[in-house]
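If you check TrEMBL, you get these features:
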type	residues	note
DOMAIN	87-500	domain 'Major facilitator superfamily (MFS) profile'
TRANSMEM	20-41	transmembrane segment
TRANSMEM	153-174	transmembrane segment
TRANSMEM	180-203	transmembrane segment
TRANSMEM	210-232	transmembrane segment
TRANSMEM	238-257	transmembrane segment
TRANSMEM	327-344	transmembrane segment
TRANSMEM	356-377	transmembrane segment
TRANSMEM	384-403	transmembrane segment
TRANSMEM	409-433	transmembrane segment
TRANSMEM	445-469	transmembrane segment
TRANSMEM	475-496	transmembrane segment
Amino acid sequence: MKFDELLFTNLGEFGRYQKIQFILVCLPIIFVSMHALSWTFSAASVPHRCRLPNEGLDASYWTQSDLLIIAENCTEKKGRCRYQECQLRNDSTCRFGYVYDLSEIKYSAINRWQIVCEWSVLKAFIQSTYYIGQMGGSLLFGFLGDRIGRKKVFFIAIIMLIISGVLMAVVPYWTAFALLRAAVGFAHPGIFVIAVVIGMELVGPSKRKVASVISGIFFSFGQIILGCLAYFIRDYRYLQLAISLPALIFMCYWWIVPESARWLVAQHKYEEADKILQRAAKINGARLPEKWWDQIDYPEKTAQNRSPQRKYNYLDLIRTPGIRTRTFACLFLWPVVSMIYYGVSMKTDFLGGDFYGTFIIGGIAEIPALLLIFAFIDKIGRKPLFAGGYFLAALCMLSNLLLPAEVHWIISVLQFLVAKASITGCYAVIYTVTPELYPTVIRNLAMGCCSMVARIGANLSCYIVMWIVERFGAWAMIIPFGSLSLVAGLVVIFCIPETMGKPLPETIEEIEYNFRPANEELLTLSNASKKKNNPE
């Protein structure tokens with residue numbers, strides 16, 4: 001008997017215990033979301049101009065001076081024209097520093113460390129350190145999650161996020177801030193990915209959509225809360241404290257969130273798993289049979305006393321043909337979805353209007369998309385929603401290039417919202433389908449590896465959105481994002497199998513057993529076709 005069959009037949013697929021534990025592991029995702037996008041506000045662009053030789057530190061941004069170069073083609077009165085930001089005259093840079101307009105933003109990292117003009121690339125670099133940290137965290141936590149357990153990794157990551165987040169509010173140098181931001185990024189996969197894996201391993205096959213969709217909604221909640229906090233807290237230091245200190249409440253998780261029972265079973269720690277599952281059965285009003293592990297059809301169980309338990313590593317993701325095909329597809333799909341998602345999340349001003357309002361609306365727009373995924377992912381399958389999301393995002397972005405300049409602004413707004421919703425749906429589906437593609441023995445390794453390579457896309461999005469677009473315009477974002485989204489949809493169609501309603505595989509052999517017959521069938525059909533076309 002499969003572990004899925006035994007567990008969910010007796011315990012239920014999504015009972016009271018699973019719901020409580022899943023909500024508990026999803027709550028820290030709110031803080032992960034706030035930290036992931038907090039640089040949008042900490043480094044919000046502040047209008048600035050060159051400081052004049054005779055001006056003090058308290059100089060006003062709005063002043064009249066012939067030394068200040070007024071922006072070209074300004075038809076307003078001189079006092080209302082925007083100043084050139086990076087030069088006094090055409091041949092003179094800002095040798096005396098800068099004066100900032102503090103009417104909207106009281107204190108940001110931009111004016112604290114003067115990340116403007118020739119140093120403006122640092123804005124993208126500091127955000128990229130977050131994703132570099134995520135790459136390292138995905139690699140290490142993915143390995144540790146399968147080696148020492150999900151719970152320990154989850155707790156270590158929460159502690160790292162709290163400590164680094166608080167220190168970011170007080171460090172005096174941008175280099176130290178960037179290192180701490182990398183540490184927060186390092187903690188990201190240890191919280192988000194582990195939460196999704198725990199959720200996937202808690203619930204039955206027909207309810208697994210909950211793990212990715214609900215976790216995605218919590219991520220959206222984090223964006224909305226961050227936007228609201230940033231609207232009222234215009235000093236980046238206090239904003240950092242506001243999104244870090246409340247996470248101290250999760251210290252109690254050590255006593256209330258148990259280890260993954262599925263991981264314990266995979267490690268042959270049946271007695272420990274039994275304590276957790278018996279408690280779950282009691283809360284769910286169910287009963288488990290005595291020594292239920294003797295009923296599990298688990299290939300490695302009988303070999304436990306004869307040979308040391310096999311240790312899996314990242315090479316197992318490409319060692320066999322069935323797993324290898326899935327891995328190569330995922331290694332392309334994850335960076336693409338990450339690049340597009342974070343790119344449009346950091347560039348919500350495409351909507352126009354208030355900076356804070358558009359950010360909040362962008363977060364709200366994700367929730368209907370996730371609810372639609374929740375409603376249809378187990379009705380029409382993963383593949384149609386996955387590929388369709390990529391294709392729809394590509395259509396909205398690339399078609400924007402064809403719009404005439406005089407088109408009504410509402411059209412562009414709708415394109416942005418649909419693209420954001422579509423790629424959000426893809427993110428939810430990829431977090432559902434990827435754990436379903438891999439067996440228990442390497443599932444966390446696979447999730448960690450995929451999350452790591454996704455940071456390549458996120459890193460590229462930083463430089464595209466925060467640096468290149470500001471220099472060359474929106475097309476520098478639309479063309480690569482739209483084209484890659486189109487290709488990703490094709491990869492889903494041809495390389496990703498449908499996993500809807502199927503039990504989670506336990507071993508690599510299960511994947512390869514199902515993979516080989518399909519290949520043999522294709523080979524047989526191909527040979528038959530050749531014989532038909534070339535009769536002897």
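In case you wondered, yes, glycine gets a Cβ from its N, Cα and C as well.
Here the structure is a predicted model, which means the values were calculated and not measured.
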Same-chain residues at least 6 beyond the ends of the transmembrane segment (384-403) whose Cβ lies under 8 Å from its Cβ atoms: 336-337, 340, 373, 376-377, 411-412, 415-416, 418-419, 422-423, 425-426, 429-430, 433, 474-475, 478-479, 481-483, 485-486, 488-490, 492-493, 496
Distant-in-sequence neighbours of the transmembrane segment (210-232), which means Cβ under 8 A and at least six residues beyond its ends: 14, 22, 26-27, 29-34, 36-38, 41, 192, 195-196, 199-200, 202-203, 239, 242-243, 345, 356-357, 359-360, 362-364, 366-367, 370-371, 373-374, 377, 424, 427-432, 435
Cβ contacts the transmembrane segment (475-496)/the transmembrane segment (327-344), at least three under 8 Å, sequence gap 6 or more: yes
Cβ contacts under 8 Å made by the transmembrane segment (409-433) with residues that lie 6+ beyond its boundaries: 196, 200, 208-209, 211-213, 215-216, 220, 330, 333-334, 337-338, 340-341, 344-345, 350-352, 362, 365-366, 368-370, 372-373, 377, 382, 385-386, 388-390, 392-393, 396-397, 399-400, 403, 485, 488, 496, 499
Cβ-Cβ under 8 Å with the transmembrane segment (20-41): same-chain residues at least 6 beyond its ends: 108-109, 126-127, 130, 154, 158, 161, 165, 181, 184-185, 187-188, 191-192, 194-195, 198-199, 202-203, 210-211, 214-215, 218-223, 225-226, 229-230, 236, 239-240, 243-244, 246-247, 250, 253, 256-258, 283, 342, 345-346, 359
